[in-house]
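The annotation domain '3-hydroxyacyl-CoA dehydrogenase NAD binding' is assigned in TrEMBL to 229-402. Taken from TrEMBL, the feature domain '3-hydroxyacyl-CoA dehydrogenase C-terminal' applies to 405-508, 546-630.
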Amino acid sequence: MRGPPLVPMIHLIEAAEKPVVAAVEGVALGGGLELALGCHYRIAHSKARLGLPEVTLGLLPGAGGTQRLPRLIGVPAALELITTGRHVTAAEALQLGIVDEVTDHSAVDAAVKFAQSVAGKSLDARRISTYLCPRSPDLAEIFEKAMKEVRRSARGAIAPVTCVQAVHASVTLPYAKGMERERELFSTLFTSGQAHALQYYFFAQRAVSRWSTPSGARWDTSKPRPVRKAAVIGLGTMGRGISVSLAQAGLSVVAVETQEKQLLEAKQAVSGMLERSAKRRGVPLADDKIKYNCSVQAVADVDLVIEAVFEDMALKKTIFQQLSGICKPGTLLCTNTSGLDIDELASQTQSPELVVGMHFFAPAHVMKLLEVVYGPRSSPEALATAMEMGKKMGKVSVAVGNCRGFVGNRMLKPYLEQAFFLLEEGATPEQVDQVLEEFGFAMGVFKVSDLSGLDVGWKVRKADGLVVPGSTGKSARIRGGSRYSPLGDLLCEQGRFGQKTGRGWYQYDKPGGRVAKPDPWLHGFLEEYRARHGLVARRIDHQEMLERCLYALINEGFQILQDGIAAGPEDIDVIYVLGYGWPRHRGGPMFYAGLVGLDKVLERLEHYHQVYPDVLGLKPCSLIRKLAASSSPPIHRWREFIQKPRSQL
C-alpha cells in the first residue's frame, strides 16, 4: 500500500488549524467515510451514499469509525449502521447529522464556498474526537439489546459482535484508549477465518459474472441481445415474482395466465407487490409496465419469454412447441425450471440455440440468485442475454451447465438424504436442525422442508419412480441398489405437508402457522418405523450429524466441478450462500472444505462410506482425491485440476 497510513493522516487533518471540508460525491464507504469524519465539515451531493460496510467483510471500521461516529450521531444510530454495514442516502446522512449540507450541484464547488464562509472561525467545536459520547440513562440496556440482536442475527459471525464491543469502547474509554481498543479488535478480526471467508465471497460474487462454458463461450466475447419487451407465461407464485422483477428493471411485460380466475388474482397480487416495493424503495410505481392477457398469442412481439408454469415436463413441452410457432424469429425462450432437462425442452422448438433456463428462487422478486442454465445447443448470445437480464433485475446470475437439478438442487439431494438417514438411526428433526443452525444456517433442513412443503419433493420422487406405496422389508429402503429413506413419503401419505397443513416434521398451532414445535406424534412414528425395519436407535453426536450432511453436499459439489457443470468453486459458493442459506461468514461449501482441509474432508468421507457402503453420495469424488493428493492447493487453483467435462444427460 502506498501513501501515508490512514489513521495518522486523519488525525493530522482533524488537528489542522485551517477548516477542512469533505466533498462527498458518489460513495463514501468505509475508509472514505472515516476520512470524511476526520474533516471539520462534510458536504454531500444529493445522490451520494455513505456507510461503514466493513462488517460485511468480516471486519470493523478500523480508522476511527467506531469511535467518531457514536460521538457524532449517538450510540443507537451508530450501532445500527456499524453492525449492519447499511448504506445511507445523503438525505438520511443529513437527518442523522453525519453531513452538514446536501447539494444538487457540484459538491466540490459547494465545499469550497462553505470553507470560505467558515474561514477564520474557531475549529475547537468541529473536531469529533474531542466530543463526549452522548450518554443516556439506559445506555447499558442499549448495549445489552444490541448484543442480543447481533448474536441472534449473526448466527455465529464474530464481526457484528466485535463491532458492538468497539462502539462500547467509545462510551467507556477516552478517545485515544478507544482507538487502541478499535485497533486490537480490528487485528483480531483481520486474521480470522471468517474475514477470509467473507472477503473471498465478496470477490466470488463478482467473479461469477465473468462466466465461461466448456465449449469456449465467454462473458467477454459473447454479446447479449437488446431486450425491451419480455413475457411471463404462468402467474403462480414464481410467475408473479418474475413479472415484478422485470417491471422493476424497466421492461415492458406481457403477463399471461390462461385461467381467468388465476389471472385476476395474479393481477391484484402483483399490483400489491409493486406498490409495497415502490413505497419501500422510494421509486415511482412500475404498475403500468405490465399488461395482462389470457392468451399465449399475446407474446408474439416480445424479445424474451420466461415460462413459469408447474414443474411438469409434458406441460412445459407443449408450451415450448406453442412458443416456437408464435414468437417472432430470434426471441429468447427461457424456462424457470428447478431441475428439468433444458435440452429436452429445446428439442421442441425450431431454434434450440435460443433456449436457456432461468432458475429463479422463491420469492423471485426478493431472492438475489439466478441460475442461468445453458444446454449443449444454447448459443453464447442466448446465455449472455439471460445473464445480462438477470443483472438488470438486480440478481447475481450464475451460469451453470445442464444436468438433473443443475448445481443447487443437485447438491441438495445428498444433503437431504443424510438428514433422513440420521432420523432412521436415532436423531430427531430438532436435533439435526439445531446442529445446522448452530453452524450458521438460518433454518435447519427439516424446518426448511416444512416451510417449502413436503409434497414438493414427494411429487418429484413420484415422477422419478422412487415412491413405492406399501413396500415392506428391505425393499422399502433400497432404490436402484442404493440406500433410500421413505420417511418423507410416509409423512406425505399421512397428509403432513408442513406449515400449510399445520403438521410436517414439526407441529404448528394451525395450518399456515410459522412457529415450529417438536411433535410427540412424530417421535412415536420414528420409533415405530425403526422397530418395523429392525433399526436400533443410537445417540449420534453433533459432529457426525454436521459432517455427514455437509460433507455429502460438498462431495457432490466436487463432482459438479469434475463434470464441468460449474466452471469453478466460486460459482457453487455463490449459489449456496445466496440461494440455500449457507452462512456467508463460512464462505460457501467449497471454500469451507478448503478451510477444514481437503485431506480431512476426504478422510471423513472415506470413513462414512466404509460404514455406509450402500450410500453412493458418501463415496469420495475423484477430484477431491486428486486435490488432496496434490497437497490441497488453494481454492483459486482448483480449476487447473478439473478434467474435461462429459455430458450428464
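From the backbone N, Cα and C atoms, a Cβ is placed for every residue, glycine too.
Taking the domain '3-hydroxyacyl-CoA dehydrogenase C-terminal' (405-508) as a whole, pLDDT averages 93 in the prediction. Helix, strand and coil residue tallies for the domain '3-hydroxyacyl-CoA dehydrogenase C-terminal' (546-630), in that order: 65 helix, 0 strand, 20 coil [DSSP].
Secondary structure of the domain '3-hydroxyacyl-CoA dehydrogenase C-terminal' (405-508), assigned with DSSP and counted as helix (H, G, I), strand (E, B) and coil, comes to 62 helix, 7 strand, 35 coil.
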